[in-house]
């Protein structure tokens with residue numbers, strides 16, 4: 001508890017300075033605010049569309065699609081809970097949410113990012129098992145997929161809660177208007193642990209999974225001349241692209257953070273230090289873009305869903321208009337059937 005109190009005091013002081021300190025580069029703040037706003041709006045629309053389309057047939061989802069639904073939910077949560085704080089801070093050129101708001105933003109971004117990388121890791125392992133050990137996989141693999149997603153979430157929750165218990169700390173990033181893990185805090189055990197468990201191990205597992213998939217597919221093709229199921233191939237390709245995009249977006253931030261831990265941040269150019277966290281946050285809208293571009297069937301399902309909703313809305317309006325018209329005609333007919341005295345009484 002003492003460690004938590006000390007961490008809170010230290011962070012509160014640094015964040016108070018960020019609240020009262022004049023902006024060093026207001027133009028950069030505005031540009032970052034505008035960029036994150038665009039990423040947030042585009043990501044919100046695309047991820048919401050993906051999730052709505054998947055949930056429309058939730059009983060028929062394949063294993064890959066369950067993982068993608070979980071990934072999409074995490075990205076939506078990050079956009080809705082953390083991005084408004086980031087955008088407001090940059091437009092106001094100061095931390096406007098105080099210490100607790102800063103910690104909340106850092107926790108949400110770390111939790112969602114950690115979940116995303118482990119969901120993609122589980123997705124890679126799932127594709128490896130499906131392609132390389134298909135006959136031994138159960139026909140109904142939904143329980144396996146759901147268990148993997150829950151375990152990923154619980155593991156990430158443990159890493160993200162640790163700073164509240166004194167192991168690690170949340171604090172300001174280099175830019176001074178966003179919050180994350182405090183990479184300069186004197187808890188190297190925690191920093192090295194998360195770098196290993198949330199970056200290196202997932203990266204190794206993904207490389208292993210897709211290397212084995214490629215080897216197995218080539219060997220099968222040479223041995224039997226048979227092609228892998230087209231649907232399975234497409235799903236594997238989508239998973240590989242999504243994993244690659246994730247690491248391209250997050251690797252600059254991981255490298256900058258590691259150099260900060262090693263006290264070698266003087267080797268990092270200022271522009272790189274500023275753009276690395278923003279590049280990582282761009283991943284929130286990249287995955288749905290990949291899914292839309294790579295999966296023709298998904299695009300068709302999305303268009304059908306949107307078309308059905310549009311037609312249904314038009315039918316509802318038409319039905320409402322028709323009902324109102326019929327009610328008016330019925331009332332007019334009744335009025336015609338009444339005697340003049342009755343019509344006068346009805347009018348009164």
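In case you wondered, yes, glycine gets a Cβ from its N, Cα and C as well.
TrEMBL: automatically predicted annotations, no manual curation.
Feature annotation from TrEMBL assigns transmembrane segment to 32-55 (among others). Residues 61, 65, 68-69, 72-73, 75-76, 79-80, 83-84, 86-87, 90-91, 175, 177, 274, 278, 281-282, 284-285, 287-289, 291-292, 298, 301-302, 305 of the same chain, all 6+ positions outside the transmembrane segment (32-55), place their C-beta atoms under 8 angstroms from a C-beta of that stretch.
Annotated domain 'G-protein coupled receptors family 1 profile' per TrEMBL: 46-291, in sequence order. Averaged over the domain 'G-protein coupled receptors family 1 profile' (46-291), the predicted model has a pLDDT of 85.
According to TrEMBL, the transmembrane segment annotation covers 67-86 (among others). The list of residues near the transmembrane segment (67-86) in space but at least 6 beyond its ends in sequence, with Cβ under 8 angstroms from a Cβ of it, reads 33, 36-37, 39-40, 43-44, 47-48, 50-51, 54-55, 61, 97, 101, 104-105, 108-109, 112-113, 115-116, 119-120, 122-123, 126, 145, 148-149, 177-178, 242, 281, 283-285, 287-288, 291.
Annotation source TrEMBL lists transmembrane segment at 98-123 (among others).
Feature annotation from TrEMBL assigns transmembrane segment to 144-170 (among others).
Look at TrEMBL and you will find 190-214 (among others) tagged as transmembrane segment.
The transmembrane segment annotation in TrEMBL covers 235-259 (among others).
Residues or ranges marked as transmembrane segment by TrEMBL: 271-294 (among others).
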Long-range neighbours of the transmembrane segment (271-294), counting only residues six or more past its ends (CB under 8 A): 28, 32, 35-36, 39-40, 42-43, 46-47, 49-50, 68, 71-72, 75, 78-79, 83, 86, 109, 113, 116, 173-175, 178, 180, 234, 237-238, 241-242, 245-246, 249-250, 252-253, 255-256, 265, 302
Residues of the parent chain within Cβ reach of the transmembrane segment (190-214), under 8 Å, 6 or more residues beyond its termini: 114, 117-118, 120-121, 124-125, 127-128, 131-132, 156, 159, 162-163, 167-168, 181, 183, 236, 240, 243, 247, 250, 254, 257-258, 261
